[in-house]
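K.L.:
One structure, as structure tokens, below. Some questions next.
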Amino acid sequence: MATLKAVCVMKGDAPVEGVIHFQQQGSGPVKVTGKITGLSDGDHGFHVHEFGDNTNGCTSAGAHFNPEGKQHGGPKDADRHVGDLGNVTAKGGVAEVEIEDSVISLTGPHCIIGRTMVVHAKSDDLGRGGDNESKLTGNAGPRLACGVIGIAKC
């Protein structure tokens, strides 16, 4: 069973930056690990966006990666975008990322390689905010930092 790896170097408005690693064994869940620094303390939305285009900063990455046309939700919800990874929590300006997700993949139709990882300014309400924006973005606010997810050496 082959192990696949990917990496994302996130940059944005100073001082927010980070490096995120992705690892998947066979068709198992993807382990997402890493660190993002320069954040305000608290929860920040953390999503895979549709395009690997950062020509106009993080805005050109498009919407959340959502090949099945579902509503925004939390990472444990059946009704969610593929790219909905919930929140990362910063303490002392640093978010230690440790997520395991069975919806994203490093191969096939849910493949995130070549797409953009984004950390947002505000907490993701996981689609439970009671308004239209909640069902699209989780009201996570502006994009603080982003980077294209690329294949890494195994």
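Heads up, the Cβ atoms here are built off N, Cα and C, so glycines get one too.
From Swiss-Prot, for reference:
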type: MOD_RES; residues: ALA2; note: N-acetylalanine
type: LIPID; residues: CYS8; note: S-palmitoyl cysteine
type: BINDING; residues: HIS47, HIS49, HIS64, HIS120; note: Cu cation binding site
type: DISULFID; residues: CYS58-CYS146; note: disulfide bond
type: BINDING; residues: HIS64, HIS72, HIS81, ASP84; note: Zn(2+) binding site
type: MOD_RES; residues: CYS154; note: S-glutathionyl cysteine
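Context for these features, please: burial, neighbours, distances.
P.N.:
Around the Cβ of ALA2 (N-acetylalanine), 8 further Cβ atoms fall within 10 Å across all displayed protein chains.
For the recorded site, CYS8 (S-palmitoyl cysteine), the DSSP three-state label reads strand. Proximity of CYS8 (S-palmitoyl cysteine) to non-local residues of its own chain (separation of 6 or more, Cβ distance below 8 Å) is seen for VAL19, ILE20, PHE22, GLY34, MET117, GLY147, VAL148, ILE149, GLY150, given in sequence order.
Non-local neighbourhood of HIS64 (Cu cation binding site): HIS47, VAL48, HIS49, GLU50, HIS72, HIS81, VAL82, GLY83, ASP84, LEU136, THR137, each in the same chain, at least six residues away, with C-beta under 8 Å from its C-beta.
In sequence order, GLY12, HIS49, THR116, VAL118, ARG143, LEU144, ALA145, CYS146 constitute the residues six or more apart from CYS58 (disulfide bond) in its chain with CB-CB distances below 8 Å.
Taken residue by residue with DSSP, HIS72 (Zn(2+) binding site) is part of neither helix nor strand, so it is coil.
Other Cβ atoms within 10 Å of the Cβ of CYS154 (S-glutathionyl cysteine) number 8 in total over all chains. DSSP assigns CYS154 (S-glutathionyl cysteine) to coil in the three-state reduction, outside any helix or strand.
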K.L.:
Please report the Cα separation of CYS154 (S-glutathionyl cysteine) and HIS120 (Cu cation binding site) in Å, rounded to an integer.
P.N.:
29
K.L.:
For HIS64 (Cu cation binding site), what is the secondary structure state per DSSP, taken as helix, strand or coil?
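P.N.:
SS state of HIS64 (Cu cation binding site) = strand.
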K.L.:
Any idea what the Cα distance is from HIS120 (Cu cation binding site) over to ALA2 (N-acetylalanine), rounded to a whole Å?
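P.N.:
If we compare the Cα positions of HIS120 (Cu cation binding site) and ALA2 (N-acetylalanine), the gap is 33 Å.
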